[in-house]
Each structure stands twice: as C-alpha cells, then as structure tokens.
Amino acid sequence: MTKVQNNRAWLLILPMLVLVAFSAIIPLMTVVNYSVQDVFDANTRFFTGTEWFETMLNDSALQAALLRQFAFSMTILAIEVPLGIGIALLMPKRGWQASAVLILITLPLLIPWNVVGSIWQIFTRGDIGLMGWGIRELGYSYNITRNPVDAWATIILMDVWHWTPLIALLCYSGLRAIPEAYYQAARIDRASRWAVFRYIQLPKLTNVLVIGVLLRFMHSFMIYAEPFVLTGGGPGSSTTFLSQSLTTMAIGQQDLGPSAAFSLIYFLIILLVSWVFYTAIMNMQKDDATGGHRHDA
Amino acid sequence: MAEIMLKALAHTYVSNPQSPADYAIREMTHVWHQGGAYALLGPSGCGKSTLLNIISGLLQPSDGDVVFDSRIVNELPPEERNIAQVFQFPVIYDTMTVFDNLAFPLRNIRTPEAKVRERVAEVADILDLVPLLRRKAKNLTADEKQKVSMGRGLVRDDVSAILFDEPLTVIDPQLKWKLRRKLKEIHERFNITMIYVTHDQLEASTFAEKIAVMYEGQVVQFGTPRELFEKPAHTFVGFFIGSPGMNFLEMTVTESGLSFGKLPIPVDPRLLELAHRSGSNNVKLGIRPEFVEVHEEVGSNTLSVKVEDIQDLGTYSILSFRLNGVSLKARLGEEHAIRGEYAHVRFPEASTHLYIDECRVEVGND
Amino acid sequence: MSLILENIDHVVNGATHIEGIDLELAPGSFNVLLGRTLAGKTTLMRLMAGLEPPTRGRVLMNGEDVTGVSVRRRNVSMVYQQFINYPSLTVFDNIASPLKLARVPKAEVTRRVRETAEMLHIEHLLDRYPQELSGGQQQRTAMGRALVKDADLILFDEPLVNLDYKLREEFRQELRELFRMRNCIAVYATTEPNEALALGGHTAVLHEGRLLQYGRTEDVYHRPGNILTAEMFSEPPINVVPGLVSGAEVTFDKSVHFRLNEDLRSLPPGQYSFGVRPSHVGLAPQSADDLELQVRVDLAEISGSETFLHVSNELFHLVLHLAGVHEFAVDEPIKVYFPTHKLYAFDHNGSVVHIPPRLGSL
C-alpha cells in the first residue's frame, strides 16, 4: 500500500522535471551541441570534436581575460570581506540608529548593475563628475579611458561600493546571533577586544562568511554590465573580463562554436570553485554536528 | 577572597517607581559569607536573575550598595570584580582546545606559560578533563563543556566568588548527579564563595548550605534545606519547597480560638494571642502533606474527609481530599493503603505552623 | 476510537528508529510514552499522527487501515515542547484557529473557545497576545488549540520540560483530571518516570526504538517484565546488584553472603541480577533479615522534601530514596540496610523471575 503511494508521489515531481528541462538542461545541451560543431549556415555543419575547446584554451586573449578575471575576483574579495566584517562590527546594535544604518547600507544593493555603471561613469568624469574632478584638483591626472591603472582602481572601487554592504549585512546578522553570555564570559575572562573578535566573533561568523564569499565570488566572476558601461573593457583590453570577451565573440563575431565551447569552460570553472566552497561548508557543518546537542529521534 | 554584602539594595527598571510592585528587587540587606555555598532559589520572574547580574556587575543597582569585603563595587565592571560565572548554556571558545580554553583567562593577564601549564593541569585534574585537554572544545558533550567553563573560573588565583546561573539545564538527566557531586567537591576543596541561581529546589538544596528563597523581588527566607522544609518562614516557601507543597487552611480568628469554617482548630494560646494582637484577618494554618496523619478508621480527634484521588507515585502515594470545600493533600507511605471512600485525617499540632499575613509566627520570636 | 500499531518499523537513511512495535491503545485512554532521549518517542508519535508513514507495518484507527493517510485527513492534534502559538493572534483567535479552519459557525466557535479556556483557567487572558503571557500561560494556550477541536488523538511531546517544576506539578494534576472525562486517546511523551506515575493511565516504556512493556502505569512500575523496564521506570534508577545463587545462599561479588529469603528459595542456582528500589534501602534496619552495609556518601541530593542519597563501597553503588531532608557530607562513612526480602530477581536475559510481594497493595 505504501509502495503504490510512493510511486504516485514521483508523478507529482514530473512538472518540476519538465520545468528544469526547459530552463536548464535544454539550453545547456544546445550549447554543448554548438561547441562540438562548426556551423556555416542552417544546413551546413561539421562535427569538430574537441577542436573548439583546444582553440579556446590556447587563445591568448582569453587566457589573459581569465587571469584578469581571477585577479579581479580575488582583489575584491580581499577588500570586501575584511571591510564588510569591519562595518558590521561598527554598526549600532539597537535603537533607531541601527535601523537607519541598515537602510543606508542597503541602498547600493538596490541599484541595478548597469545603472551602477552609469552612475560611476558620470561620477568619475573629469569635467562634471565629482570624483574625477576632485582627484584632478588634487593634482593627479586621473583618466579612466587612458590609464589602465585608473580604470582598474575605479572598477574595484565601484564593486567595493556596490557589494561590501552584502558582506556587512550577512556579518551583522551573524553577530546578532551570538548570545550575550559569550560577551559576558569574555569580559569576566578579561579578554581583550581583539581576543573577543578572534575567538568569539570570527568563529561564529565562519558560516555566514563562507556563504558571503561564495556569492561574491560567483557574482564577481560573472561581472559584465558595470565595467561594460564604465570603461567598455578598455583602455585597450585592460578591463575586459571573461563575460565581455564571450559576448564579443558570440554576438559581435557570430563565432558560435568557439563561444559555445568557451561558455562551457566558463561554466565548469564556476562549478568547480563553487563545489570547493560547498564542500568546505559541508565539512564545517559536519564538525558542528559532532559537537552540537543531541535531539530526540 | 570575598564576603559579598548587599546593603539596602533595591533595583527597578522603571525610571520613576511609584509602588513596591515597580521594583524588580525590593530593598534588602543580605550577606554571603566568604567560602559559603549558597543558592538563590525562586520561580521565573522573582528577581533572581536581576540580583545575579547586580552581583556580577552587569547591572548597576538603582539604590543601595554592593560591597565586596567592605569595598563598594557598584561602579566596577565584571572584569574588575574578581568573580567568575557559569552560564545556563555552556560558553566555550569553539576554535580553541580544552587546554587553551582553560588557559585563556591566565594568558589574558599575561601569566608566565610555565605557571599557566601548572594551573591548567591542576584544574583539569580536579574536573576530570585531563584526557580531553588536546581536544577541540567544540566537539565536547554538554557536561564536558560546562566543566570547561567552570574550569575557566577556577584557574585564576584571584577569583573570590563563582556565580552559577542554572548550570545544569542542558546536562543529560543521568549525568546531573555526577556534576552536582563535582560542584560540592570543588566547593570543599577551594575556599571560594559560590552562589547558585536556580528555579529548581533539587539543584538548590543539593548544592547549598543555605538557600535564599526569592519571591516578588524579596528574599522571603534564608535558611538551610532542612529549615525550608520543616519551618517555612513564608507561605510561598511552604508552597514552593516540597512536592506537593504545603497545605494551607484559612483561619477565622474568634475570641475563643481559631477555626477552619465551623471546625475549631486547637492552637497554642500564645499563638492565638499573637493572632489577636496582629488584628489581621489573613491567618493561615500550614501543614505539609508529609505530616498529615491518615487513618482508615475513626480515631481520637480525627476528621472524616472524602477521598478525591489517590495518585500512586511508586514509592509513595498522594491522597487528595476535601475539607470544607478546600482541596488538601496527604502523603501516604508505600505500604499504607486507603480503600474506602472516606478517610480519617488528623493534623498533629507539632507539625502545623501559623502564618499571619503570609509570614510564619512562632512563640518567643515576637 | 481505538488506535492500533501493527508490527511497525521505521528506518531513516538506513538507521532503525523504531523496531517491531505492536501497540493497542484503547478508546478514551491516557497513555504515557516513557523513554530516554533518542528512545524513539517523538518518531513514534509522528507515525501515530501520520506525519510520516512507517517503513513497515500498519496503523489502524477504529479498525480502519490509515497507514499512509496524511495527517490532514486524520483528526489529530499535537502539543510540543516549545510554546507554539500564532504570535499575531490573540489567545482567543489562537484557540479558535482550528475551528475556523473547519468552518464551524461563529457562535459555536465562541462557545467552544470559552469552554476550553475555562477548562484551562485562561478565560481572563483571551484578549492578550502570546508574547504578553508567561510560559505556563503560553503552553495553556497551545493546549487549548489542541483540545478545542475534539481530536480523536491528542499527542503531547514533552510539553512541560520548559516550565518550572511547580507549574509542572500543577499541569500534571490538571491533565490527569482533564482526560479522565474525555473520550479521545491521549499520548504523552516524557523522559521522567515520576511524570508517568503522576499522570497515571497506561504507560509504554520505550528503549532504543523498541517497546519494552505496556500496561497500566502502576502495573508496569510495580511489575516490570525485565531489567531495562525496571531501570527506565524508576527515578532514581533501581539499584541492580549481581549475585550468585547457590543452595539457600546468595553471594554478592564473591564476598557478601546472605541467606535467601523464603520466597526466593525456588530460584535454581546460577547468576542473577537483583534489583532493589531506592526507597527500600534504609538508614535503619526495617526487618531482621536486612543486610547491613558499611558505605561512604557520594552525594546527598535534596529535593525540598526528599533526599536521594548516593552511597558506595568497593562493591556497590547504591541510591537511597529517603523521605524528608537528610544532610550528609561528601565521603561521610555511614551504614545502610539492604532489604533482602524486597528484591526483584532478573535472570541472565534480563527477564524478571521474581517480584517481591507488595504489602498494602490491593
């Protein structure tokens, strides 16, 4: 009797399977299909095997974009994570100040990607932008369309401005979850401010931080709209990140085969890194389970 | 080493208190002697946590003083009061080993490492934590964690009092008595004042030499477990201590004596005199269920009562009966059975107590 | 309504949580599930409620097979450890919520909510919100929600653990009276033997997913079928001492001998475990055949009106349950008296082979 019902339950998830097929599997298989063929027109195509993959992996422009992408993601993580923790630690804990600060901090998160690009594009202009004008007034010839260092710094600054609040919010909620008794015990143990951070706050933040880092890594690795609007990938190709190279190839040059192959490589990289993070989280929780309280079955 | 004194202490969370009911702690003066094992016992909301926080320094009293060895410490934060505290839920430093947890308070005050090792070894030995010293504190069981947090208080030489805030809440029932024994051993070994806050009479009576029972922001009795059981000073103590609690009969005071409804209650003439003098009409007779005599047959001075319920609790039973519309209880020994619909009870005078305005009166204490 | 569990197994990810449980609960009965943490109490209640189907076996309600029928289609209510109420609804609306879901007419909702609230002594709190109530009052509200809908089966999952012991005493007394008159099956899970005794009714003792014994609460307590039941259903746990029976003599741990009491003479020679209730070991001899033991005090646990005295010597660790307050110093040497005529005897399988006669029993 129970068995019949279990089988019927499988039917119930059928719509879900169909949905997943349309939203993920079919588009993905299309890409796989393109990546192993050379398409001339609607009727002429050749099977190419792994040729596109080899071409792509050996393409120096793409290799450069990939390195640039890793450099970018690591840089913003290195800045945003400590900064986010710092902001969370400084945020007021209760009262109207807490709500006010929360709202202010959340504001950048509410702005769409391309709008962020536009805002910063205007902001950094030498003639009418407050920042661009300000820096020039200080005597530095700031120009994001000519100087790659300026362009890089500005994109990183923009990302830090846009996304640090996310880390700060996550950490803030993590900090709020620490019972007051921990702080009391630390005071009685005469722990320094640093020791409180190192031995109470940081360990309790690990879980939210892993989630934060994971989100920020995936996000930044796919960054497109902001630099596209701000610098257009220049000067030269100094701020051309992976997704932009891909778009140029697929839409600009209609190189469907290579761009399909590249999409897959791109996808696999993100999958791999995410998997590493996921395993890390899971292992951490396994440690928790052995130490946590037992519950009645 | 400290004697802790609360001098005319009161606390309110209201900015402009109007009546005694606005006070979480009503004015009290109370001394905890150096080296004693004390408990602060009361139901939730009686003010015991407020009092604990005032002693530990997390809260400043709105009136009166907290005095440690004749030094007023009202303004001192917890870290400067030389006290340690064990919380309801184990507070440990997850990422550290047991050793590092125990060493933490010493390292914070820059104790030489050799001394740290010596002290930690000593304390770990007492608490049976030696085999666990290298383990990560995160992976310990709840009782081990609680021992670690206690150990952090014991390693310091300068700790003069340890405060316990319901420390056995998360401990497996089968392990509780072992930890209770450990606490007693530690108390005997170290000359430290210990104050144990709980709502559980078993925890309090097992641990403490003297118990302060709190009710509505006041200490209504400060006495040994035996005193609380045999001579409850306040009706609340009678009710709260013992399972089931004390029976109370509301008395009518007349010229000739006391009566419960129409039933005359014999009472020492000197007590009757006190009742007359007080002029109060809140006079109660209290008797613990353990001391109510129950017979199957009519005897001298017995009252016939209707049996409402008999609860067999294994080692004894609780007989519920009705007298003048009031439900009362008596405890019956294991081999004592009441078969009929009626039982015959007697309240031996030596085991009854007289309460005027909820407080026990005694001949000679006037 | 009757509830029958037939040969129930429950396996989750390869781990057996419930094994071979047969249980028949009579209409209108109050049943206590007694067992330590992880004994399977909660799982069994979830199976009874239909929150999960069992891996094997059948659940019959009123003789009808309801295995796998969802909890929504059974008339079941449940009260949990945590005080679970709708925070944005008043006490009245909280209690009324199951009736409103069942589209009961308004006038009847009001009547039944008032009736239930009176029964639980919260009629003066009906306009309040849960966060304005004490823990006890919140749990009363949650119980009101469970009781108002006249469920066929009411499940209590350790509902009193988060309350002070005085409130627990009060609740137990009330529940005992409340269910005496109701016509539904109540199942009440607890880890505390004394709670089972105070509630009365029937008791099922669970251990590691298996049912050890089921019967009237007093019977299970006084006539345990095996050593595990005797240990589980006793607070403090029954004292167990291994002993060798040979002829008319028992030897405890090779060195303590005593003559077998007459009613134990029929035991064939061999190794047994002898159980003695903590309340039967005394500080003074109660009868001529008591065995005097020199011991040291490990700890005197005092519970206000009673004392649990832990004592030991090289051979034994015993617990005494004494009436009144007795204060002892740790390690104080004392004498205790072991009643040789009040022993339970268990064979090598743990099955009971002798139960001491009860004086004063009916």
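Backbone N, Cα and C define each Cβ position, glycine as well.
Predicted automatically and left uncurated, TrEMBL annotations should be read as such.
TrEMBL lists A:66-277 with the feature domain 'ABC transmembrane type-1'.
Under the heading transmembrane segment, TrEMBL lists A:12-36 (among others).
The transmembrane segment feature in TrEMBL is assigned to A:70-90 (among others).
Counting only same-chain residues 6+ beyond the ends of the transmembrane segment (A:102-123), those with a CB under 8 A from a CB of the stretch are 87, 91, 129-132, 154, 158, 161-163, 165-166, 168-169, 172, 224-230. The feature transmembrane segment is assigned by TrEMBL to A:102-123 (among others).
Long-range contacts of the transmembrane segment (A:151-175) within its own chain (CB-CB distance under 8 A, at least 6 residues past either end) are made by residues 72, 75-76, 79-81, 83-85, 87-89, 91, 102, 105-109, 111, 116-117, 120, 124, 144-145, 201, 204-205, 207-209, 211-212, 215-216, 219-220, 223, 226-227, 230-231, 234-235, 238-239. Here TrEMBL flags A:151-175 (among others) as transmembrane segment.
Residues or ranges marked as transmembrane segment by TrEMBL: A:196-218 (among others).
Residues 31-36, 52-53, 55-57, 62, 210, 213-214, 217-218, 221-222, 242-243, 245-246, 249-250 of the same chain, all 6+ positions outside the transmembrane segment (A:259-278), place their C-beta atoms under 8 angstroms from a C-beta of that stretch. According to TrEMBL, the feature transmembrane segment maps to A:259-278 (among others).
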Could you give the residue numbers and ranges of same-chain residues that sit at least 6 residues beyond the transmembrane segment (A:196-218) on either side and whose C-beta is under 8 angstroms from one of its C-beta atoms?
73, 76-77, 80-81, 84-85, 89, 163, 166-167, 170-171, 173-175, 177-178, 182-183, 186, 270, 273-274, 277-278, 280-281, 284-285
Which residues of the chain, 6 or more past the ends of the transmembrane segment (A:70-90), have a CB below 8 A from one of its CBs?
105, 155-156, 159-160, 163-172, 174-175, 197, 201, 205, 209, 212-213, 216-217, 220-221, 223, 241
